[in-house]
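Asks: Here it is: the structure, laid out below.
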Ligand SMILES: Cc1cc2nc3c(=O)[nH]c(=O)nc-3n(C[C@H](O)[C@H](O)[C@H](O)COP(=O)(O)OP(=O)(O)OC[C@H]3O[C@@H](n4cnc5c(N)ncnc54)[C@H](O)[C@@H]3O)c2cc1C
């Protein structure tokens, strides 16, 4: 009898507790929703229990090839050739300025790992021919899509690594793009600045293809960087165990169909630039003083440029001829061109040190919170010729607070600028393509990085999605069940 009473009491306590929890849940739902980032993230959103993830198939948006063809060509032709090409002496040595000050805010970002620093390229290691200014096929000409702060104005050889703001050579093979532990507000601030200032995501219906390109290119590059971080991740610092981080890959890329689509778009865009300039690349010289290796480089270039399989299956990966049409075409091109460079402010002004102003903490926080307003003020100042606004994408890369990330950030932005130049800046009569050696090294390495990411997404995507997506769906189902139990039709 006593036992029965006590079990009844426990049951009553149980029900009471349940009711309190349910009321609490209802209040939270009714008032403020669940804290973000929790299991219940989906409760306030339309309940999407029955919707599966959209798979990437059909034609890649904005391009002329479908996903299946891209995966096949990448697997069979592009990836193997590019992997070999970037190892050659010509393509593995990249010239870069790694130690410029960030012109926008104090350099506060750091990476958690020691090996995020870039290792030296000894003087005797990089090709002798790189020191000569006149290398057949490669010229130091300006690119309207980038500001050429990455050229060394005739100083072809600067052996000392430590000179800030000087160019140096880096062996890319010794400094792979991978997880560095560079994260938090500093890293996110760069991406936010790129997306809000430079490459906004336009509503899909409202804007023309031309205006959407920059966003897609940057987003595709961002996806690719995230894939590389996920594939080569420090899983256990204590034992120095490196491997794949599936959760990261799923959360940052695979569960976002638009980010996958943008990755494929960027890959096809850059591929089109490379194949469009095929004749130029075939004629150019890849000499490094090692005849056997130089022959191999030349042969790999031909293999890539004139692959019959590529030409048959995907002859025009991206059709740039459709763009910049109509009487507003040239204006539009200038506008988009400015946007790509639309990062850095140079102020040759009347004695006012804007750079110092921008570096002060108060100004940094003001700048951070009032980007639009600041943009407007600068535009007005510009109107009255108080200052000139010139913008460098690369300058924002100087704010990347980890050397290795900065190296690859700079290289890949230069690669994108080179692709834009090939596709959009040499189509008029009498215009001939001229490229810098460093631009081409950046372009091919960018294509290789994208090719690796596409391969990873293709190969690991389905298994990662079924594991992570399964977990995600279970959580989602639990949320929906709870949602229904509470009788809520909120958001659904
Ligand atoms: C130029 C650059 C190079 C970097 N290189 C490295 C590196 O080599 N190794 C390394 O470990 N870290 C690198 N980082 C840092 C890394 O990219 C992330 O910023 C960091 O890991 C923190 O990630 P996060 O989850 O905060 O989201 P982030 O990747 O910082 O993304 C910020 C926000 O952007 C949006 N977003 C994310 N992906 C996309 C996309 N594909 N398209 C559109 N929007 C998107 C999301 O809203 C997200 O919250 C680099 C950062 C920069 C700016």
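One-based numbering along the chain as shown.
Placed from the backbone N, Cα and C atoms, the Cβ positions cover glycine too.
Feature list, courtesy of TrEMBL:
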| type | residues | note |
| --- | --- | --- |
| ACT_SITE | 402 | active site, nucleophile |
| ACT_SITE | 405 | active site |
| BINDING | 178, 180, 191, 219, 222, 252 | FAD binding site |
| DISULFID | 111-116 | disulfide bond |
| DISULFID | 402-405 | disulfide bond |
| TRANSMEM | 12-34 | transmembrane segment |
Asks: Could you check which of the recorded positions (116, 191, 219, 252) sits closest to residue 405 (active site), going Cα to Cα?
Replies: 116
Asks: So for residue 405 (active site), how many other CB atoms are inside 10 Å of its CB?
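Replies: Excluding its own Cβ, residue 405 (active site) sees 23 Cβ atoms within 10 Å.
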Asks: Pop the Cα-Cα gap between the residue listed as 'active site, nucleophile' and residue 222 (FAD binding site) into the table, whole Å please.
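Replies: Approximately 16 Å lies between the Cα of residue 222 (FAD binding site) and that of the residue listed as 'active site, nucleophile'.
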Asks: Using DSSP and three states only, what is residue 219 (FAD binding site)?
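Replies: Reduced to three states, the DSSP call for residue 219 (FAD binding site) is helix.
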Asks: If you draw a 10 Å sphere around the Cβ of residue 178 (FAD binding site), how many other Cβ atoms fall inside it, taking every protein chain shown into account?
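Replies: Residue 178 (FAD binding site): 19 neighbouring Cβ atoms within 10 Å.
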Asks: What does DSSP call residue 180 (FAD binding site) in the simple three-state scheme?
Replies: coil
Asks: Do me a favour and check the Cα-Cα span between residue 219 (FAD binding site) and the residue listed as 'active site, nucleophile'; whole Å is fine.
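Replies: It is 20 Å, counting Cα to Cα.
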Asks: Taking 10 A as the limit, how many CB atoms besides its own sit near the CB of residue 191 (FAD binding site)?
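Replies: Residue 191 (FAD binding site) is surrounded by 14 other Cβ atoms within 10 Å.
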Asks: Looking at FAD and its recorded binding residues 178, 180, 191, 219, 222, 252, figure out the farthest C-alpha pair and report it in angstrom, whole number.
Replies: 20
Asks: For a quick check of packing: other C-beta atoms within 10 Å of the C-beta of residue 219 (FAD binding site), how many?
Replies: 23
Asks: In sequence order, what residues of the same chain, 6+ apart, have a Cβ less than 8 Å from the Cβ of residue 252 (FAD binding site)?
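Replies: Those within reach of residue 252 (FAD binding site), by Cβ under 8 Å and sequence separation of 6 or more, are 223, 226, 229, 230, 259.
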Asks: Return the count of C-beta atoms lying within 10 angstroms of the C-beta of residue 116 (disulfide bond), excluding that atom itself.
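Replies: The answer is 21.
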